[in-house]
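Below: the structure, in C-alpha cells.
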Amino acid sequence: MLNTLTRLLDDAGITLPEHQKAQLVAYVDMLNKWNKAYNLTSVRDPNEMLVRHIMDSIVVEPHLKGTRFIDVGTGPGLPGIPLAIVRPDSHFTLLDSLGKRVRFLRQVQHELKLDNITPVQSRVEAFPAEPPFDGVISRAFASLSDMVNWCHHLPGEEGRFYALKGQRPDDEISALPSGFAVEEIVRLSVPRLDGERHLVILKANRT
C-alpha cells in the first residue's frame with residue numbers, strides 16, 4: 001500500500017517525508033480494520049481509501065490559512081486526520097456527534113502518536129470556539145448555508161470556512177445567507193478519482 005500511496009503522491013506532485021507516508025498508510029490500515037465492526041465508511045477497499053479519503057483530503061492542504069482548524073462532522077477523521085499528518089505544525093479539533101467515531105479517532109491518536117489533534121464528541125452548534133479558529137473545514141457535512149448557520153460562531157475575525165465539495169455547488173452558493181461571501185473556488189485535482197472536486201472558501205462579511 002505504501003508503494004501505491006507514493007505513486008499517487010507523485011501523480012499529484014506532492015512530496016511527503018517517509019514517516020508521514022507511513023502514518024497515512026497506518027491510518028488506512030486502522031480505518032479498514034475498524035470499518036468491519038463500526039461501519040465508518042462505505043469504502044471497503046484500502047487502495048480505494050488511499051484515493052477517495054487520503055488524496056482527496058490532502059490536496060486541500062496548500063489552500064488552508066492559519067494554524068488552528070476544526071473539522072466539523074469529521075466522521076472517521078476526514079479530512080482532519082490526513083491533514084493533521086501532513087501539517088504537523090497546525091492543530092485540528094475533530095468534531096463528531098457519534099461516540100463510536102470519536103472512540104476510533106482517539107485510538108488513531110494513540111496509535112499514530114498524533115499530538116496535534118483533539119477528538120471531541122459534540123454537536124457543532126453546542127461547541128464553544130474559545131479561542132476562535134482560523135478555519136472551519138467540512139467534507140460531505142452539509143449545504144453551504146447550513147454550514148455557515150451552524151458554524152458561524154467558530155471562526156475568528158480573519159477565519160474562513162473551507163467546504164470540500166464534488167461538483168461546483170452553484171445552487172448552494174446562490175442560497176448563501178447575507179453576511180457570508182465566497183472568497184475563492186478552487187478546482188482540485190485528485191489522481192485516479194472520477195468526478196469533479198472543488199474547495200469552496202467562504203468568509204464572513206464583518207462590519
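Note that Cβ sites are derived from N, Cα and C of the backbone, with glycine treated the same way.
Residues or ranges marked as S-adenosyl-L-methionine binding site in Swiss-Prot (evidence: sequence analysis): GLY73, LEU78, VAL124, GLU125, ARG139. All chains included, 22 other C-beta atoms sit within 10 angstroms of the C-beta of VAL124 (S-adenosyl-L-methionine binding site).
Site extent for S-adenosyl-L-methionine: among the recorded binding residues GLY73, LEU78, VAL124, GLU125, ARG139, the largest C-alpha separation is 19 Å. The Cβ of LEU78 (S-adenosyl-L-methionine binding site) lies under 8 Å from the Cβ of THR41, HIS53, SER57, ASP71, ARG139, each of these being in the same chain and 6 or more residues away along the sequence.
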